[in-house]
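Only one structure is covered here, and it is reproduced in the block below.
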Amino acid sequence: MSPLQTDELGEPSPMRKMISVSSIAAGVQFGWALQLSLLTPYVQLLGIPHKWSSLIWLCGPISGMLVQPTVGYYSDRCTSKFGRRRPFIASGAVLVAVAGILIGYAADLGRVLGDKLEETVKVRAICIFALGFWILDVANNTLQGPCRAFLADLAAGDARKTRTANAFFSFFMAVGNVLGYAAGSYTNLHKMFPFTMTKACDIYCANLKSCFFLSIILLLFVTVSSLWYVKDKQWSPEEADSDVKTPFFGEVFGAFKVMERPMWMLIIVTALNWIAWFPFLLFDTDWMGREVYGGDSSGNESSKRLYNQGVHAGALGLMINAIVLGFMSLGVEWIGRKMGGAKRLWGVVNFILAVCLAMTVLVTKLADAHRKTAGVLAGPTDGIRAGALTLFAILGIPLAVTFSIPFALASIISNNSGAGQGLSLGVLNLAIVIPQMVVSLGAGQFDSWFGGGNLPGFVVGAIAAAISGVVAITVLP
């Protein structure tokens, strides 16, 4: 029996087991939500300028480019008695815990190593934070690839169950998002853990630290319970075909070589889709604090206070986004059938994404106009704030499709290809991490060419979303 076969488990497993494995996404996404909502502002508070803060996010695509295909390849061939996927999932959970502690205590450890409280740029704290951030992204990639491959194994080639399992994975990602964004928007969370506030760690930092403690607890709970409940079949190399001896890089390049047109089209649409998403996902709370509220993370106390209010409002918007994402995830399979197929649904929601990203320009201009009449520290009106939060909510609709349909299609397509589920999903992940790398490298400099701020990246995202919608409808099989 080859590790490249997806139906090696025989009959599809009960849906309750797939739901249990999918629940791990809640723990993973709790930490990812904290990254998206709090860490870009946090690195600026540590002293990294806005135009360079996007470079911190390079660790995500680089680790994704290397880790997911590698983990996917070796999880397809793991001979552990605990199964092929479970050892990688468990290892990823432990790494997330280590990374969360490093990130949360970066300011404290930096001070111990010599950072001065009055320094604007805290070099040692930034280095510790960057190390934790890299480990966190490696851990997330170690977790998510095997989790989705495990779902495909449990579905045993059943296309409908594969789509449904990925929809539940998206649903639990929404649950994790709700918890993460709710924690990020609550300014008194540090009171649960009084020891988190120190001389080097102010209220904002203490809240971040407390958020990571909660995310670690949730992830370890869902991971241990799921891996205890759902067994993973051990793979025996003696039963495998001779092609399992292919070297890793040969297998990766071989996966590209044998890919047929449907998989290539899926990769192209996915790449365009994520070029659209990443500018907003990386800088949405910064946009709320900087453009909508008019604050400045490196300004005076009043500007910093206004910026932090905007960041917390952005976290609230992301929580609303996650609620919409959760409900939409449960309906993706049904809506896709009613609309005539997954590609049509994906194309339509990409147009919704394009419109929403374009509308950020209108919201920003209205906020600027209000400050010119009411004062630079006035903050947005209720109407402007409601408009911005509405965009967050509507964006939950296309995000639910982005989190489920591409991965389900990749699993279905790979059933007839020469690659295993782990490696196929790792290859698809390249279509996600390469756009993230482009955005991380170019966003700060690109924005500075147009006067700074986040709008230039959002406009590029709107254009990419429109193109991906057209390609999804006209080219995908």
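Positions of Cβ are set from backbone N, Cα and C atoms, glycine also.
TrEMBL entries are annotated by machine, without manual review.
Since the structure is predicted, the reported quantities are computational estimates derived from the model, not experimental observations.
Per TrEMBL, the feature transmembrane segment maps to 21-43, 55-75, 87-107, 164-184, 212-230, 263-283, 311-332, 344-364, 384-410, 422-443, 455-476.
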Leading stretch by Cβ pairs under 8 Å, where the reference is the transmembrane segment (263-283) and the options are 212-230, 311-332, 344-364: 344-364
Stretch of maximal Cβ-Cβ contact with the transmembrane segment (384-410) [cut-off: under 8 Å; candidates 87-107, 212-230, 311-332, 455-476]: 311-332
Cβ contacts under 8 Å made by the transmembrane segment (87-107) with residues that lie 6+ beyond its boundaries: 24, 27-28, 31, 39, 46, 71, 74-75, 78, 80, 115, 122, 125-126, 128-129, 131-133, 135-136, 138-143, 145-147, 150, 196, 198, 200-201, 205, 208-209, 212-213, 215-216, 219-220, 223, 227
Intrachain neighbours beyond the transmembrane segment (311-332), with Cβ under 8 angstroms and 6 or more residues off its ends: 33, 36-38, 41, 163, 167-168, 170-171, 173-178, 180-182, 184-185, 187, 284-289, 292-293, 345, 385, 388-389, 391-397, 399-401, 403-405
